[in-house]
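Chemist: So TrEMBL lists these for the protein:
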- B:12-33: transmembrane segment (TRANSMEM)
- B:63-80: transmembrane segment (TRANSMEM)
- B:92-120: transmembrane segment (TRANSMEM)
- B:126-148: transmembrane segment (TRANSMEM)
- B:155-177: transmembrane segment (TRANSMEM)
- B:202-224: transmembrane segment (TRANSMEM)
- B:245-275: transmembrane segment (TRANSMEM)
- B:287-307: transmembrane segment (TRANSMEM)
- B:314-335: transmembrane segment (TRANSMEM)
Amino acid sequence: MDTQKKHSVLKTKNLSIGYRSKKESTLIGSNINIELHKGELVGLVGANGIGKSTLLRSLTNVQAKLDGHIYINGITLDRYSSLELAKVLSLVLTEPIFSKNLTVYELVALGRQPYTNWIGNFSKEDTLIINKALNQINIESLKHKKCFELSDGQLQKVMIARALAQDTDLIILDEPTTHLDMYHKAYILKLLQRLARETGKTILFSSHEIDLAIQLCDKMIVMSENNVVSDTPCNLISHGTFESLFPNDLISFDKKTGSFRVKK
Amino acid sequence: MQNTSKHTISFIGLVLILILVFFVNVSLGSVSIPNKDIFNIIFGIHDNLSWKYIVLDYRLPKAFTAIIVGSGLGISGLMMQTLFRNPLAGPFVLGITSGAGLGVAIVTMGASLFGGIFLGVLASKWSIVIAAILGSFLVLLIVLIVSFKVRDAMAILIIGLMFGSISAAAVNVLSYFSSAEELQQYFFWGFGSLGNLSWNELLILFLIYLPGILLSLFTIKALNSLLLGENYAKSLGMNIKQSRLMIIISTSLLAGSITAFAGPIAFIGLAIPHITRQVFSTSNHKILLPAVFLFGAIIMLICDSIAQLPSSEYTLPINAITSLIGAPVVIWLLVRKRKMIF
């Protein structure tokens with residue numbers, strides 16, 4: 001029990017998420033209890049509009065939670081200053097970066113910002129970590145390319161390298177596989193799996209690639225209308241969680257292959 | 001790493017060009033003075049009093065003003081373009097200049113409206129400076145508040161232009177009620193001029209400009225993280241509100257004081273950052289900021305040399321020259337790059 005607690009990187013307790021405006025608050029999900037441990041690759045799946053992005057935004061303090069608790073490394077999220085949070089949590093977002101005139105190296109190097117001085121000079125250690133990140137993602141050959149010269153898949157790898165250079169315990173990616181072809185979807189998720197194993201970082205991503213996530217993730221968080229379940233993919237399959245994910249008039253979940261089939 | 005040495009060479013080249021155009025600028029004017037004599041005057045060994053006066057009390061402060069104006073407007077344009085994530089942003093387009101103009105109009109022409117008591121206080125050079133800075137700061141603040149609500153960059157630009165129109169309308173109303181001399185004072189300010197500053201006024205301008213420049217150095221890191229967009233910048237631990245405020249204060253110190261002393265100099269703030277990005281081919285503000293400084297100073301000195309119409313007694317309004325150079329650059333950028341690369 002004790003060792004379990006020690007390695008818990010992200011934990012929520014009775015978390016409620018949603019939007020709060022002056023007049024009313026819209027509840028999107030409640031009673032969310034998840035716990036992610038060191039070195040785990042975790043996939044967050046659910047239908048469109050179910051609130052995956054809202055959950056990720058709440059977990060990363062972009063959006064205020066409605067109720068409950070979020071702990072990162074055992075400390076309440078609210079207690080972190082933005083700089084402290086930047087040293088334990090890095091993000092890969094769906095939004096395109098604003099300047100594509102940066103070189104790959106410059107972009108990855110921006111990941112070191114929380115550690116650099118007022119003008120952003122790199123220490124030897126910074127340079128070392130930047131090069132290591134480039135190396136781990138195998139994009140050293142792209143180092144001097146400008147970002148507008150890259151394909152979507154390459155750019156996604158660069159963004160992951162940037163998050164790695166930020167050297168945080170937890171990396172959260174919002175739909176890292178959108179806009180990618182089938183090969184690159186598998187490539188990116190496989191890469192995330194390798195990184196979680198090699199670096200011991202906890203990686204949480206949201207995705208629509210349920211079948212790939214089932215094959216690669218250590219744990220999955222399944223969001224449906226009524227509840228949020230988190231478990232290993234095997235347990236989730238045997239409990240029949242995936243069947244309740246979508247309306248069952250068009251597609252159905254095949255337990256044997258772990259994938260969805262179109263009904264004939 | 002080879003990039004850094006390439007940039008070092010470019011920087012040395014730019015500094016040399018700056019020194020060259022500085023001397024060219026000082027040696028050209030309506031009275032032709034031989035180059036040798038100019039050097040002698042600058043280094044204090046010459047006794048032709050009228051030449052001495054022309055070089056030391058007119059041409060030198062004018063050249064230094066050109067350096068301050070070009071570098072200051074260029075840097076505030078660069079900061080605005082990154083902050084608003086818009087390649088067309090700049091002190092002029094966002095209404096900062098018109099805000100300063102309105103401030104100046106109120107002190108030069110509003111005096112008769114406010115009655116005679118304020119007349120003496122309002123008409124001094126200092127009050128023009130303060131009014132221009134307050135005017136530009138106010139407009140920039142409003143544009144920024146709007147930019148929190150409106151995410152669309154084009155909308156922010158149009159709102160900036162609207163502020164320009166409102167200011168222009170207010171200036172029109174003021175001018176309707178003011179005397180011919182007051183009108184003239186305002187319109188001469190509006191032509192823009194680098195040559196009106198005495199050493200004392202130049203010192204005052206420099207004292208406002210310097211903290212603006214120093215502050216801009218502290219925004220380099222924030223500007224670089226803003227290249228990824230605001231959400232990424234936040235996730236890198238950047239304090240968005242504080243950085244925004246620093247960028248705004250720096251811009252209004254620079255653009256406000258320059259506009260106050262030299263008048264609304266068009267297009268320099270918009271065009272210089274683009275020219276610099278083309279030459280240096282980078283978005284890294286650690287390189288861009290000093291490069292924009294040098295380019296701004298160089299191009300402003302060249303514009304001023306052209307405006308002098310060498311060996312003639314006429315001086316063109318500096319605003320006309322900067323627009324003649326700046327506007328084609330903007331057109332060229334839009335035609336050449338269907339996709340704006342930042």
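Each residue, glycine too, has its Cβ placed from N, Cα and C.
Nobody curates TrEMBL annotations by hand; they come from automatic prediction.
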Chemist: Can at least 3 Cβ pairs under 8 A be found between the transmembrane segment (B:63-80) and the transmembrane segment (B:287-307), with each pair 6 or more apart in sequence?
Modeler: yes
Chemist: The transmembrane segment (B:202-224): which same-chain residues, six or more beyond its ends, come within Cβ distance under 8 Å?
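Modeler: Contacts of the transmembrane segment (B:202-224) (Cβ under 8 Å, skipping residues fewer than 6 from its ends): 61, 64-65, 68, 71-72, 75-76, 78-79, 82-83, 126, 129, 133, 233, 238, 243, 246-247, 249-251, 253-254, 256-258, 261, 284-286, 289, 293.
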Chemist: Using a Cβ-Cβ cut-off of under 8 Å, list the residues of the same chain that are 6+ residues beyond the ends of the transmembrane segment (B:314-335) and lie near it.
Modeler: 30, 87-88, 190-195, 262-268, 270-271, 274-275, 299-300, 303-304, 306-308
Chemist: Which sequence positions outside the transmembrane segment (B:155-177), separated from its termini by at least 6 residues, show Cβ-Cβ distances below 8 Å to it?
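Modeler: For the transmembrane segment (B:155-177), the sequence-distant neighbours (Cβ-Cβ under 8 Å, at least 6 residues beyond its ends) are 84, 86, 88-89, 93-95, 97-99, 101-102, 105-106, 109-110, 112-113, 135, 139, 142-143, 146-147, 183, 186.
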Chemist: Same chain only, please: residues at least 6 beyond the ends of the transmembrane segment (B:126-148) with a C-beta under 8 Å from a C-beta of the stretch. Say none if there are none.
Modeler: 84, 91, 94-104, 106-108, 156, 159-160, 163, 167, 189, 204, 208, 244, 248-249, 251-253, 255-257, 259-261
